[in-house]
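Worksheet: the structure to be examined is printed underneath.
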Amino acid sequence: MLTGLCKWVLAMERYEEVDRKVAPKREALQRADQQYQGLMGELRKKQEALRGVQEELAGLQAELDTVKKEKLELEQTVELCSIKKDRAEQLLAALGGEKTRWTDNAHHLAQVYIYLTGDMLLAAGVIAYLGAFTPEYRTEQTIRWQQECRQKGVPCSGEFLLASVLGDPLTIRDWTLNGLPTDPFSIDNGVIISNTTRWPLLIDPQGQANKWIRNMEKDNSLQVVKLSDPDFIRTLENCIQFGQPVLLENVGEELDPILEPLLLKQTFKQSGSTCIKLGDATIEYSAEFRMYLTTKLSNPNYVPEVSVKVTLVNFALTAAGLEDQLLALVVAHEKPELEEERVTLMLQTAQNKKNLKELEDRILSTLSSSQGSILEDETAINILSDANRLVKETQEKQTIAEETEKKINATRLGYRPVAVTASILFFTLRDLAALDPMYQFSLNWFINLFSNSIDNSEKANELTDRLSSLRNHFTLSLYHNVCTGLFEKDKLVFSFLVCVNLQRSENKIVDSEWLFLLTGGVALATDPIPNPAPEWLPETTWVQVQWLACLPSLKVLADKFPQHVEEWRSVFESDTPQKETIPCEGQMELSRLQLLCVLRCLRPDKVVAAVQDYVADLLGKAYIEPPPFDLARTYTDSNCCLPLIFLLTPGADPTNLLLKFAEDQGMGGERLQSVSLGQGQGPVARKLIEEGVRIGTWVLLQNCHLAKSFMPDLEKLCEDLNPETTHSDFRLWLTSYPSAHFPVSVLQSSIKMVTEPPKGLRANLKRLYLADPLSEPDFLHGEGSSERFRRLVYSLCFFHAVVQERRLFGPLGWNVPYSFSDTDLRISAQQLRNLLDSYVEIPWEALQYLTAECNYGGKVTDERDRRTLSTILRRFYNPQVVEGEQHAFDHLRVYTTPLDGEHIQYLEHISELPRDAPPHVFGMNSNASINKDQAETNKLFTAVLLTQATSLSSGEGGGSEGEAVGRTCEEILGRIPSPFHVDAALARYPTLREQSLNTVLVQEMSRYNTLINTITTTLHAVLRAIEGSESLTEEIEEVLVGVRTGRVPTIWRAKSYPTLKGLGSYITDLLQRLHFLQGWYDKGQPRVFWLSGFFFTQSFLTAVLQNHARAYSLAIDQLWFYFKVLEVDESSPAPEIGAYIRGLYLEGARWDTLNNRLDEALPRRLHENMPPIWLQPMVRSEIPREQVYSCPVYKTSERRGNLTTTGHCTNYVISVTIPTHLHQDHWILRGVALLCSLSD
């Protein structure tokens, strides 16, 4: 307790002490607090004042900040506007000049948009339907479609251009740089190929499309294959699977069925992948896969089943495309620096345009992708400025390039005449394939020849002289090279075509005159004007002269003909009418072509000579004098990769010539291997070629035309020939007759040669005496040989030459042109030797039989020709030949047997014979030469007309030509009467046993009704095709071309009686026949029957015999006709037995009305009207035996026909016995015959 009290006292003491110390402080604190409170009051007052000031300051600061912000914003706006202004000025300066162009483009696109529907419709039509057609037909068809669109209210462009609608200029430029020709037709082809949904099949005879596709797809690993390749399927499968493009070359007219799923794109989904079935394999189908097909066939005939699976595209070379290529070539030779600069400019221009397009796309992309105001997008402005600067620079470069190009082109155009000439020559060359399938020439060969000609032609300082030198040298060079591979018959055709086509390019040929020259006119006969000079002017010639009036340029000349009869007579009777002055009115002067037209009508036998003069005058004599065949020169032009082809002709075997040449070249013996192709020889030929390629031997494959199955292998072997892998000494020699299945690619890449036996009696004799066996000393002068043997051998050779040369005279020589060969002669000569060795007396009958019936006669199928052959041989195998010193084979004793001597003396005797033998040497009269010359004229024009098939069949659907054909069709339809009423005829002329002629009438009416229906049906179809309301089938097109060219269409001929007439004459003849039958029906049996008017002449002859047999109860096989020539007419009473016939023409002779016998024909009278003949049925044994000539009657002047089951020729009617004072051998050699119908 005390402790606690103590603690309390202590605490109180400390408290008092502290309180004593704190009290003053407390007072001070109180005073201080009072002072503080006073001061704090003042402070609060001051703070309140400060707060008011601060609040006022804050308001002022806020106001200041607002003003500063507004100022900043205004300054930024000013700066931005300044920048925008600068950018706007920059942009306007950059793009302002483009306003007009872009505005024009906008207007253009707006216009395109309006026509978009119609243009796309037309473009689709072109792609779907017109790819296979020529540029002319495409243009014509699109114009018709445009008219149809407008009529239906579908808007379309005024001038439709496929390349403008679907083509991209830059893509097209790339195509041309890759080898696509620059002409519009080729560009359109490229557009079709790039837009079609079906795989394209390109008709590419010159290889232009093939080259283009190879270049275009080169960077895409293009695979090139052929159907004949052993790994074709594997390659195709890989391309489909990995999306590689494939080019299928050299397809034919039929496609391998394995391609069908691919062509139809029959894809399907399998396990999520797109697949296709190819054969038995299912493979993945890449979307990147592309396929192209090409054919080298110039005019393939694809069936619809093929056409609907592919897009056919006609890539045949056009004149414009070829001209550009040839112009580039000639300038590259003549002005290489100019052409190099042009090529550089082309590449630069292409790059410039590509750059411009990219820059334009960049500008449009920038403008369209910019967000907000473009003036605020500095990046966009910079891009546009740079792009515009580049555009201007590119445009300036392009302007300079275009100006330079203009200057270059101006210089290049100076050489265009050379390119135009060469282009014309190429297409002339191309047309020759219509004459013979072996006439194939590649564009590469042509261009190489053109290039060599430029280098080898004569240089000149003046451009005009240089152009003349280039044109003349190349034309002649081409003529010489081509003639090496042409048959003799086609060389003048080629010269004539070259001449005419060059003239046509200069507009110096009137198409109507040219067509008249080739066809003789297509006008239908009207009321004829009487012949003003029947004593010297044949009726057929007068009709031809009247046809001249259908030409406006020659109408006056034809109309005024009767007023100048004597002047015309001097022309007609001249030996060289082509050199005579033609009677003309006033100042009228005939052109060269018009003169040919006149000669065609007046003296057709001299047209060939006139054509030769025409060619010589315009081109030079060198073009009617083909160079002789020179194997050494041809060999010099060859190399190890070029096959050499001998085109065979009857009677000419180049084997010996080649064997001798091989010896001269050190390639004889085992270094020349040969095989004659035939069954089973293909592997042998392949082995020889492969070995020859390796070791450098020559290989001769004979008779390629007989090995159709080997031709694909031959084509492959030739394509595989490569200079790097082929021995330089190797040569592949081929021999073949013309054959349609010979590979075109081999023909185009080869050197072709024709060896023909020499023409002419002297040349043939000389050739025979220089060949085996007559050239062998032992044969003519060896042991056992005698003078009579040598004389008879010479006579046999003369006979051989005569039978060969008689073919030149056409049907007057032989009904069928037989190919008698040297083998026939060799066998006959050996038999002659054997028989002379075996018999003391010459066995003439045995010699006659063996030679005429067995050796030569074994080839003779016509009975009348067999008679002629035996008659000819009797002139040369008879006792007079071996009697006396020399025997003469003609009455002038120019052609005699040689005096006996050595072989060289026989050759000297032959060399002294005339070059051209007159007709009497062959047993004919002088008119035979006219017949021969007329036949040559017809062959010439027929051949030329064949080459014009393309131009004659183009543009069928409209234009003036289509209208002219339509008028002719309507005129024919207007003349053809209605068919006969056969039932009415049968009722009026029933089938009676005693009157067989009733049946003949009814049957003839039925036959003519079939013909009438065919003609009218096809003509109506042609009219519908011209109007466009019916598709133009191949059959109707053939009728259309026939009407246009004045030829009887094939479909009519199939239903018609035999005829060789042109269309106009045929219709006139048909109307006369119909009139004859109608007259028979209306008035009863005619008193004189027009034998030529019967469809089936034999039925009439049989009916006459049947009537007589039944009337007199005789067996018909005991009866025949006794023929009697009478002077009767239509008013004469009908005979009691038999029948009178009229309407026959005598060829090769004339009827002597004074002496009633056969006599020599008058000069230039090729045919004479035969007086009526009485067909008098008689028992064969009672027919009087008189000196007569058994004269065959033929339906047409062609005489040849098909053999029937009876052994008779379908053209043969009957043999009429005609009185004569000469032995009938004389008339047999003359080829005298009666004809029911002439050619015109």
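Just so you know, glycine gets a Cβ as well, placed from its N, Cα and C.
Bear in mind that TrEMBL entries carry predicted annotations, made automatically and left uncurated.
The coiled coil annotation in TrEMBL falls on one of the ranges 29-77, 1156-1204, namely 29-77.
Across the domain 'Dynein heavy chain coiled coil stalk' (3-140), DSSP assigns 133 helix, 0 strand, 5 coil. In this chain, the domain 'Dynein heavy chain ATP-binding dynein motor region' (173-389) lies out of contact with the domain 'Dynein heavy chain C-terminal' (934-1236); the count of Cβ pairs under 8 Å, excluding pairs fewer than 6 apart in sequence, is fewer than 3. Residue counts for the domain 'Dynein heavy chain AAA lid' (789-928) under DSSP (helix as H, G, I; strand as E, B; rest coil) come to 89 helix, 2 strand, 49 coil. When averaged over the domain 'Dynein heavy chain C-terminal' (934-1236), pLDDT in the model lands at 89. Note on the domain 'Dynein heavy chain region D6 P-loop' (640-754): DSSP counts are 47 helix, 26 strand, 42 coil.
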